[in-house]
Every structure is written in C-alpha cells, then in structure tokens.
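According to Swiss-Prot, the protein carries these features:
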type	residues	note
DOMAIN	2-475	domain 'UvrD-like helicase ATP-binding'
BINDING	Ala23, Ser24, Ala25, Gly26, Ser27, Gly28, Lys29, Thr30	ATP binding site
DOMAIN	507-806	domain 'UvrD-like helicase C-terminal'
Amino acid sequence: MTQFTTSQQAAITHDGHDVLVSASAGSGKTTVLVERIIQKILKQHADITRMLIVTFTRAATAEMRTKIQTALKKALTERRHELSGEDRRHLANQIAMVNAAKISTLDAFSLQIVQTYYYVIDLDPGFRLLTDETERYMLQERVWDDLREQLYASDEAPAFEQLTANFSGDRDDSGLQDLMFELIRQAGATTDPKAYLEGLATPYAPEKWEATFSQQIWPRVKGQLLQIATSLTQASALANQLPNPIWYQQIQADLAPLQTLLETNAPTYDTVRSVLISHEFAAWSRISKGLDDADKDTKNAAKDLRDAAKKTWQNKLAPTFALAAEQIGDLLREAQPLVATLANVALKFEDALTAEKAARHVQDYSDIAHNALRILQQKDPQTGAPIADNYRASFDEVMVDEYQDISPLQEALLAAVSTTTPGDRFMVGDVKQSIYGFRLADPQLFIHKYQTFQDAPTDPAAPERIILAENFRSTKNVLAFTNLIFSQIMDPEVGDLSYDNAAALKYGALDYGDAHPAVKVLLYSKATSDEDSSDASELPGDADDNEPVDIATGQTQLVLAEIQRLINDPDAQLWDRQAQEYRRIHYRDITLLTRQTSQNSLIQTQFAAAGVPLFVADTKNFFKTTELMVMLALLKVIDNQKQDIPLVAVLRSPIVGLSADQLALIRLAAKQVPYYDAVTAFLQAEPKTPLAQRTHDMLTHFFNQLSHFRDLARENDLVTLLWAIYQDTGFLDYVGGTPGGSQRQANLQALIDRARTYEAGGFKGLFAFIHFITLMQKQDQDLAMPAQVDPDNDAVKLMTIHKSKGLEFPVVFLMQANKHFNMSDQTGTAILTKQGIGIKWLDPETRVEYELPQYQAAKAARQNQTLAEEMRLLYVALTRAQQRLYVVGATMSGNQLTSADKTVEKWAAAAEGEARVLAPQVRSGATSYLDWIGPALIRHPQARGLAETTIKPALVGDETEFTIEIDVNPQVTPTATPEKVSDDSGTMVDLSAWFKKAYPFQAATTTTGFQSVSEIKRAFDDPDTIDLVNADRFLGPKPPMRDLTAPAFLTETPSGISPAAIGTATHLLLQLVDLAKPITMASLRALRDQLTTTQVIAVDVAKHIDLTALIRFFETDLGRLLLAKPQQVHREVPFSMLLPADQVFEALADDPGEDVLIHGIIDGYVSDEQGVTLFDYKTDHNPNTAVLVDRYRGQLNLYAQALQDLQPKPVLHRYLVFLRTGTVVDLVASGAGK
C-alpha cells in the first residue's frame, strides 16, 4: 500500500471548502488526485457520476479514467473480505459507472453543455467542429478580405486607409490583417470579447491620461527606479568604506533626487519626467592617491554598480519620458480616434466571422466555450431554473487537473458550475510548470489563489492551500541544482513567484542508491580570447534560429562524446529502482530536450554520422521531405507554369529527371528571360545533339502530362488530381523504392488526406489549396503524426521541452542553453496584452512614428510575461531528469562564439550583489538560459577557481555538486564504421552467381508498405486466393476504386449518378444525424436539405438517398442501441496501424521482418462498460447476403483489431448493416467473423 506524506494525505482527505494543491515536479499529483477520488468512494460512499473531473488533453483524460477504474478494481479485489456487502455492491457499481463519469477535457465539457442546451441560445445543433488551425485561418482570411473591400468602398474609407497605413508596411496591408486576427484571438480568451474590444480605446482618452499613467505606467517605472535605488545604495555602502569621501558624495548626489521621487505619493508624469531628464551623473573621480589594492577593488565594485544604475536610468527610462505631458496629450488626441477605429473594425470583423461560421455550420473551440458560458448565464425555458444551478446541483465536487494552464474564460466556466459557500473546487497544478502562454493560459489565476489561500485555515469553510514539495523522481543533485538556480533567479518581480523554501523541491526518492551523479554543464567554446574575430562562427544560421550552424554542430559533438562515454564506460551506471541494483546505461535511457525543433535535422545528421541511434519525437519536418517538396512544386507549376523555381525543381526531380547539364542546355537557348521562356525556346529549336534530342523528348513528354494535369485541375477535385499525378508519373512507386520508402509513401498519402479534408471544409481550387499548404508551413503545422516511443527501441530520444512535460527520463541533456529567447512579439506597431493594446502612432503628415506610453507599458508587460514563461520552461526541462542531468550550451557574445574566459567574466559581473537573488536588471536583461544559469553557478563554492568572484555567504553551505566542462574541440568516434574491402588484385570474384541468384523476398516487391483497408480486404479474407507474384495490378499503389475507369453499367445509375456517390452521401447523413433526437422521415429530410443547401451533397445525389432504408435501420436492435446511447457512439473514426506483412499476405511468410501500414475509417462503434460494438454500413445492390458477408468479413476483422489497439475494451459484436435489404448481420454471433 502506498505510504503518503503528511501533505499528500491532507490533499487526499481535506474537503468542505476550496482546495488548491500546489504540486511541485515529481510530487505525485496524479496519484494524489486519483487516491482522493478512491477514498471518497470507499469512505464516503461518494458517487463518481456526481464529480466533475477536468483536465486539458484527451490523453490525460483517458489515462485518468483508466487509473481510477484500475484502482477501484484493485480495491474491490484486495479489500473484498474487509468490506461489507453494501460496500462491495457500492464499489462494484462505481466501477461500472466510471465510463459514465464526467471525466473530460474542458473543451469536451463545454461541448456537452452546448449540445444539451443549444436551444437556449438559438444555436443550430448541426454544427461541425472547426479543429484545423489552417482551415480556421483561411476562413478568417476570406471574411477579412470581404470586409476590407466593403470598408474601402464605404464612407469609412479614409479612416480605414489611415488604420491600414499605421499598422501595415509599404508593400501590403498584411500587418493590419495579422493584428486583426490576433485581436480576435486575444479577445476570445476573455469572458466578454466585445467588452474587451470596445475598451481598447479607453486608455487613450486624453482626459484619462493621468489615471492611465498612475495605474499602468507608474507602477512599472517605480519598480525600475527601485532597482536603480538598490544598486546605488549598494554602491554607496561600498564607497563609504573608502578613505576619500568623493565617491560616496557622488553616489549620494545621484541617489538623493531618486529617493525624494520614490517617497512622493502618486507623482505626476511631469514630476517623474523632471527627475529623469534633468539629472546629470557627474564623471567618476579617477583619484587613486591613498588607495591600497583592496580599496581599489572596492572602488571599482562601487563604480560597476553605479554604471549599471546609470545605464538603466539613461538608456531605458529617460528616453520613455522624452515628451512632456502636454505633447503626450496632443498625441493621444490624434491616436485615440485611430484606436477607436481599430476597435470598431475588429467588432465588425467579429460579427462577420460569426455570421460566416453560422452559414457554414461550424464552431471552433473558442465559440463552444463562449456559447457554453452564455448558456450557463441563462435560465432553462422549460423549468425556469438557472441552468448553472442545475449543474451545481449535479456535482458534489469539481476537480481540476493542471490548473496552472487555465484561461480566464475557462475559469469563468468552472466558477459557474461550482458552489462557493462552502467551496467545492479541488484544483491541482504547479504554476512553475505553466508553459502554455501561446494558448493564452493565465498563470496569474493560480498565483492569486496561491497567495490568498491559507495553509491549514482555522475556518473549516475557508479556502486552503496545500503544498506538495517532495520530489519522488530525481536524485539529490538534480533537485539541489534546480533549487540552486531558481532560488537566485525567480521572484515576483521576474518570474511572477517567489522561489522560497515552500516552493523549493524536497528530496523524497529515498529508494535511490548512494550515488548521486553531479550535474554537468557542457560548454562549447573558442580556444582563447585573442581568437575572437570574424570567422566561420559568424555565418548566419537557420532562418528560424539565431544560432550559427557550426556552433550548434559543436554542441552536438559535445553531447555525442558524452553519450559515447556513458555507453562505453562500465562505471557510468544507473540505479534500477525496481531491481534495487545498478545497471549499465542504454541509449533509450537518454533524452535530449530542445526549446525548438529548428536544429533537429542537424542533430539527426550528426547522430547518424556517429552511429548513435536517435528517435525524434517531434515530427515537424513533413513539408521539408523531398517527396513533399517535389509534389508541392509540381502543384505550383500546374497552377502557374511560369514560376521558375518550382519549374526547375520539378524538371530536376525524378518526375522528369533532367540532369544539371540538361538544365544548363535549356538555359543556353535563351539566357536573359524567365526559365519557362527558355524551355519554350528550347522546344521550338531543332535538337542538334543526342543530349539535346533526349532533353527535347523528356520535356515534350512532361509538358503533355502537365497539360493533362491542368485539365484535371479545372474539371475535377484535388484528390482525383493527386491520384492521377501519382499514377501517371509513377512517383508513388518511385519513392517506395528509396530509403524510408514506406514512410515517404505514407507522406504522399497524407497529402491526399489533407486535400480531402480541405475540400470537405467547403474550400475549392488548386490555387487556394497551395495557399492553404503555404499557411500550414508558416504556422509550423504538420501533416505527419508524432511518432510513438517504442520502449524496446534502444535509441536516444529527441523532443521539445513542451513535449516532455509530464514525462521523466533517467538521463537528460538540455540542449541549446545559449539560444536566444524569442522576443519577436515585443516589436512591431502594436503589442497586445490581456489589459489591452499598446500602439505606435504614425503621423500621416510627417510619417514620423511615436512610441506612445501605452506601447511602452504593453512592451514591458509582454517582456515580463516572456521571461517568466522562459523561466518556467527551464524549470520543466531540469525537473525531467531522474538521475543524470546535463546543461549544454556555448560561450557566446551576441551571435558569435567567444572564449570561455570572456563568458565567465560576464557571469562574474552579473553575479555581483549580496542578496541571494540576482539583481533584477541581470535577470530581466537575460537573453538565454545561460544568462541565468552562469551567474547563479559562478557564485557557488563548486565554481571556485573558474572566476575571481566572491562566494556569496548564502551559498557557502550549499552542497550541490556540479561541474562546468569547457571544450573547444570535442572528439567523436563513430560507433560503427564500414568494413574496408581488402585491396587484393590477385583475388577473382565470380559475380555471375550473384546475378543469377533468386531474390528471396520477391513477393515484397509487389506490395507497398502503405495500404488502405479497401485495397487489402480481399487478401486479408483469404490469402490463398491471391498469387502475389502476378498481382501487380491489385497490390500496387492505386487510387480508390471510384477513380478507375469501369463500365457504365457498373458505375452509374440510370440517372448517371454513381453508386459510390450515393453511398458516400448516405454515409455522411448517418455520420451527421443527431442520435439524441428521435429519427423521423421529417428530421432526415431536414438534414438532407441542409447538406444540399450548404453544397456538401449535390442535389442530384441527395435525391437518390434511400431515407426509408435509414428509418428501417433505426428500427432494428442495433439502431435502437445507437439511439439509446448517443453519447457513447463514435462515428467516422480514422485509424492507422502496423501489421506484420505475413499476416496480411501469406506469400510474405518468409519475410517476417516487414510491416504494412494500414489506414482506414471506421463507420462507427458503441463503447459501454461491457465492451465495444462495431458496425459498418454497406449500400451494395447485391441481394445475396452470404456473398456480401464473405466480401466484407476481412474488412471488419481489421477494424476490430484496430479498435482493440486503440482502447482496452473487448470488441463484443461486429455488425454489417446492409441498408438496401434492411439486413443486420452480427459476424460474431453468426460465426462469420472468423
């Protein structure tokens, strides 16, 4: 039985009031949350269906549900003899009810509210969830284009033109568009988007300027002035130790006006400005007479502190007060109308976007959340009771996991369904791990409760704070190192939270052995400081990365050398906590964490060269794969063949196959014209050489294909076009024969899937699709699914810090610790915050741009947010390590590699000051993790000898063990090298036998690694019926059957509509029909008409849907089951799975190492506490049920296997639903499923 700590036990048992559990990394918060639920069920006979349990991901929800059910079953088994009969019955009942419990994401909970009470807000329930970010962006883009044209043509055109000029560049008006999209996104995170937008101009009212200054600007300025005063006070204390008072007097002269200002209650803008602008710092006296060496050191230390304060005063603060209050008032009178116009346009855009979504019957998650909140603020028209009261009455407790990632909108939703007197909320999280600011999470909501809730309150109804500080994951040094860093860098001023004793990690993993390896800081560096000159290290890096490529390579080599040492050194071991013994380190124990994926390709290349296996968890390079780049280039050429770069890319690719010499030959035909014109000129000329003739023939063939593709693009959908390209060019076959062929073919298939989804969203046309893909690339979206970690795969793992959250690894390397923070959102003409907007105002007459005070305040607020989140990201990264932790970086000066001594000197200067926490200006001025880590370490006794710094008294007793290793030339030895062939000219090799030898895996050459269910269902049914050696046409890659030419009597009805089209439309109707309502002929007709109105189904096709057959189906036992359990019905479920090839194709039995990737879409299944009921609709005309069952048996076998892999429940029934005949066959019951 688990032994819980005192604080864990409190979190499990305390109730009757709101509880906030601040659970540090590795403190077992999920275990505590599950145990709290179990204890309530066991000891209080609580009903799990009366608990609302929410978290942020579907994976976490599924894991939570499984853990609760497993724990309840374990309790029933282990405590059966201790429990009374009533207790056993209650526990058994709760186990059965776990699947019905409200354990969900906040998005799913909001959706459930909307689906239940849609009629309260007059919402059409037949909406589709808009989950694709790129599709959402394109919808916004289309609405914005229409609105922009309307505004240019209206009376508001002059004001709109000024707005565009102020926020966009000279080339286009994309700046205003981007701002408008971000405004809508920011407003969407608030409880009242319209109020947020309407209030944007309020702080710009001239009459409210003083209030704006005192409430928004003065607190920030005062904080900076206090930092300056602290530095000057420290400098003054040092100067007072000197025999000559001149330096002390100089510093006091600087300090006096500052102290007077800070003592002033609510100073005006002009008062602050007067002090900052008028004060002059006297030149530092150079007198040295009478000073010994110690005095000189003290004098220099005082000067450094004064210089730092002077720099902040003169370079950061004074420039922001350049304008007098009167001048600011004049600017605000000009700027306020501009911001009011911005707000007005944003409101119109919001309304237009809402109307377009309604017309398309789509809702995104933000819409769902706002609609849910609107519903909770209404009364139920049927009962007259507030709907929120209904929810509050149905829950005994509201439990929230990962509470630190909550947004204001989500907080309002939870508050609406929670009681307050006494509170019934149980919130678990760690604000130090709040790393989702880009999703508009607001950690201040957690911090406010953390600071106001009490530890062990005397009032039983008062909200309580419980801190779980014990870490059961990591060794002592990992925790001590983390505490050492964060106790010096995190406080409310920079980091939002004080990293005090309560927040510090406590060692709790008492089962570790005696060895606690020291943390290592690995730095790639230059050899000596005199080498700091322009060289290769100045080469620009990736567009997405400030780090030069050679510096990233050096760091990777450092890591590789250390990994090879860990693997090869028998003394480098890990403690096996299960076996309670030491063991050797394996590659799979090691994980590399990065802030971004921009260097993944470089890291992969370096690891491959060294022979070190690497698994990349973040697949963000889909569009950078060769096959996708070639396909996108071809699509661009089909759309517009006069694009030089895509055209040359296609000509050079395997699709055409021209060599570099042939491309040069074409260019010689016309040198000073676009390349397409050169191709045209070349084709018109008479070929004079064999190479020219061959090139001419290849170009002629390609342009004939291109003409065909262009015709297809005009007359058909994108899926048909893409399949035609794959077939006619053989490109899909070609990539299958290259290294990683099955993955490349899967990538090309994913492009088709994306095209299908794109057109299903109502978008049409090749040009728009290319634009769609371009947007996906810009927004860093990917079509490839992240690969899943195989625990048996002995490979180093590479992933982002975000991806690692919630995970733990024996050995962790934090990479790129010198990489600059992304501050790009602190530039530009506007900065958005949750309080509003700060803008630069462009004078339309002079074209002079002014940074308004509101802009400076917004910039400071955004900078603080960014630094706090980067600090929390660092915390997450360090706390992933269980036993060994490495921090990897480079000694940098700007964007150049510098020597270690210069970097250490910079750290030592930043480490000055007596307080344990580093000076605020040092922490707020950091541009990378090393800017925090270096100064924090350099003050520690372990760093003695690395720099001439004073060890801080607060760190003298600190027992953290770490080393800083600097390497200028890391050496990596390839793990495996190719065996050299002996140079023996006297040896004759008979190659004829090799050429005559039969290839042992001939069958595999006629299959592809990527198969759809429809392509292999016959083979899966009865492998003996297929002769694989001669099955090229059946097994080769091909489009769906509807794309093949077939006799008209097979493919068309008398009206000319294909059965496939009717079947697809029928499936769509069954997918969208509302199972929560009675199914009638009228409701089916209404849904059909809606789909034709929105052009989802063609009118001609809709007429042939047999609605009577659908009514007949819902009258069967299976149909009634679907209607009885609508919430448990899952429809149109896509899946992919790997199967051993010899299971699918018997002829591959001799090749057991190969896998086949199978994909498909399951029509639907019902999941309840007993198991899963699978069903699949068929619209075949054949009346012979036995033949149809035989035809589709294998397909359902695959679906059942896929469902078994997706979730743990058994598949109890497999139904084939033949809609034409009204027959429903259970393959399991009939024995036909075997």
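The backbone N, Cα and C atoms fix where each Cβ goes, and this holds for glycine too.
In three-state terms derived from DSSP, Ala23 (ATP binding site) belongs to an extended strand segment.
In the three-state DSSP scheme, Thr30 (ATP binding site) falls into the helix class.
For the binding-site residues listed here (Ala23, Ala25), the lowest count of other CB atoms within 10 A around the CB belongs to Ala25. By the criterion of other Cβ atoms within 10 Å of the residue's own Cβ, the least surrounded of the binding-site residues Ser24, Ser27, Thr30 is Thr30. Highlighted in sequence order, Val32, Asp430, Leu468, Asn471, Phe472 have their Cβ within 8 Å of the centre of the Cβ atoms of Ala23, Ser24, Ala25, Gly26, Ser27, Gly28, Lys29, Thr30, the residues recorded for ATP, and are not part of that set. Of all Cβ atoms in the protein chains displayed, 23 besides its own lie within 10 Å of the Cβ of Gly26 (ATP binding site). Over the domain 'UvrD-like helicase ATP-binding' (2-475) the predicted model carries a mean pLDDT of 92.
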